[in-house]
Amino acid sequence: MPFNVLITFLVGSILGWIVVQFTRPPSHLRGLIVGCCAAGNLGNMPLIIIPAVCKEKGSPFGSPDTCQTYGLAYASLSMAVGAIYLWSYVYNIVRASSTGISRESRTIDEPFSKSVADGSISGTGSCSEPLLSSKEFLTPADQLALPCTISEVKGSYSMKQQVKLFFAKINLKSMFAPSTIGALAGFIIGLVPLFRKSMIGDSAPLRVIQDSASLIGDGAIPTVTLVVGGNLLRGLRGSGIQKSIVFGIVVARYVALPLVGIVIVKGAVRFGFVCSDDLLYQFILLLQFAMPPAMNIGTITQLFGAGESECSVIMLWTYALASVSITLWSTFFLWLVS
């Protein structure tokens, strides 16, 4: 599943880049478009959809209780992996295209430009040229030698500058957002037998931690939904965003990405990478390609103050169409795996 989530991000990024090439948006919206196409709502939506599908009569996933138990486990893993990719990948994409990054780039460019100028003046990067530039006074060896120009020095400095900008644009602190820390803590507790036996289960001595976390998690889903509803209010007021941008994101997320997901998941089943008997697992893998954009993208745009109103409009239309899209794709996926 982590590899499947990574594929959704990579394929979505390619589709977002295609949307950017066709729509030609402003520079501060390019990261937002790529992020909306790359990051799907892999947490709250599967946690709502999977139990409802398991309780349906005639479900191909067997017993409702067993289906719900495994389905929530798969959805929780999807949410944890998606949060890590979101805050380590999409966060830096939006950050790189925001206006704050351009300011940081200019402040980083200035010391290097000054160092280049000082180096050319002081002679550390300067090169000497012959006073007699006429070819008739030059020896054959001199004619074959390439003249040393200041462009080579600039080229070396530009390479260092690009490396410096690359590491400056990547904010490693964002990877340790609360959601990422929670996901890593969950992985550690689940993988280490000592922690798992002491916290998980009815007979665990520290089961109060599991109960408290479960209560908070149950209340987080409606709370996040209310927060998203408040963010969508800006979308009702309208914005100067191009209609082609919204249309491109809708087509990328609800048409192109699910079709690519069908090919990838069915190919994985055919070549034995995914168990052909676990129909619920296949359904969740397919469902990850049909989700609307992640809710936390709105939070990321608010952190940088770039594209907030445009993000609200995108979220408004994508989530308004999600009820139709998810219904159709879920029905088709159920028929496909059964």
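Backbone N, Cα and C define each Cβ position, glycine as well.
Residues annotated as transmembrane segment in TrEMBL: 6-24, 31-53, 73-94, 175-195, 215-233, 245-268, 280-304, 316-337.
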Please tell me whether the transmembrane segment (73-94) and the transmembrane segment (31-53) touch - that is, whether there are at least 3 C-beta pairs under 8 Å between them, with each pair 6 or more apart in sequence. yes
Top stretch by Cβ pairs under 8 Å to the transmembrane segment (280-304) (candidates 31-53, 245-268, 316-337) is 31-53
Same-chain residues at least 6 beyond the ends of the transmembrane segment (31-53) with a Cβ under 8 Å from one of its Cβ atoms are 5, 8-10, 12-13, 15-17, 19-20, 23, 25, 59, 61, 67-68, 71-72, 74-76, 78-79, 81-83, 85-86, 89-90, 93-98, 221, 224-225, 245, 248-249, 252-253, 257, 283-284, 287-297, 300-301, 306-307, 310-311, 314, 318, 322, 326, 330, 334
